[in-house]
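This report refers to the structure that appears directly beneath it.
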Amino acid sequence: MEFGLSWVFLAAILKGVQCEVQLVESGGGLVQPGGSLRLSCAASGFTFSNSDMNWVHQAPGKGLEWVSGVSWNGSRTHYADSVKGRFIISRDNSRNTLYLQTNSLRAEDTAVYYCVR
């Protein structure tokens, strides 16, 4: 995997100002096998346009698994073999938003999806 994942557990405090990283996912739902969903992740509290971004997921009873990553400017994308050709990662730096278009969904794609830096 070309993109390293960094985990932020504490809000940074600089000169008395609290800077809280927020990543808010939306767009999930229940679909039939073969269906599609578009996931969104609204980012704030950091310079989104300078940051490589990733999607990970956690299937029921399992650990976190990397799904896809995109470079800061969207020019490079990478996918786990299990989703290659079915999922499309993209970003809109003007809206500080990351997307994951999920197509041809399978039962094994059932998971909680998170965006991470």
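Note that Cβ sites are derived from N, Cα and C of the backbone, with glycine treated the same way.
According to Swiss-Prot, the feature disulfide bond maps to Cys41-Cys115, an assignment based on sequence analysis. The domain 'Ig-like' annotation in Swiss-Prot covers 31-117, and the record cites sequence analysis as its basis. The N-linked glycosylation site annotation in Swiss-Prot covers Asn73, and the record cites sequence analysis as its basis. Annotation comment: Swiss-Prot describes 20-44 as region 'Framework-1', evidence class similarity to another entry. The region 'Complementarity-determining-1' annotation in Swiss-Prot covers 45-52, and the record cites similarity to another entry as its basis. Residues annotated as region 'Framework-2' in Swiss-Prot, with similarity to another entry given as evidence: 53-69. Positions annotated as region 'Complementarity-determining-2' by Swiss-Prot, on the basis of similarity to another entry: 70-77. Look at Swiss-Prot and you will find 78-115 tagged as region 'Framework-3'. Summarising the annotation, Swiss-Prot assigns signal peptide to 1-19.
In this structure the C-alpha atoms belonging to Cys115 (disulfide bond) and the residue listed as 'N-linked glycosylation site' are separated by 16 Å. With Cβ pairs under 8 Å as the measure, the region 'Framework-1' (20-44) is packed most heavily against 78-115, out of 53-69, 70-77, 78-115. Long-range contacts of the region 'Complementarity-determining-2' (70-77) within the same chain, counting only residues at least 6 positions beyond its ends with a Cβ under 8 Å from a Cβ of the stretch, are 2, 49-54, 88-91, 93, 98. For the pair Cys41 (disulfide bond) and the residue listed as 'N-linked glycosylation site', the C-alpha distance works out to 16 angstrom.
Sequence-distant neighbours of the residue listed as 'N-linked glycosylation site' (same chain, six or more apart, CB under 8 Å from its CB) are Ser49, Asn93, listed in sequence order. Other C-beta atoms found within 10 angstroms of the C-beta of Cys41 (disulfide bond) number 23, with every protein chain shown included. Across the domain 'Ig-like' (31-117), mean pLDDT in this model comes to 97. With a 10 A radius on its CB, Cys115 (disulfide bond) counts 24 other CB atoms from all the protein chains. The DSSP secondary structure for the residue listed as 'N-linked glycosylation site' is coil.
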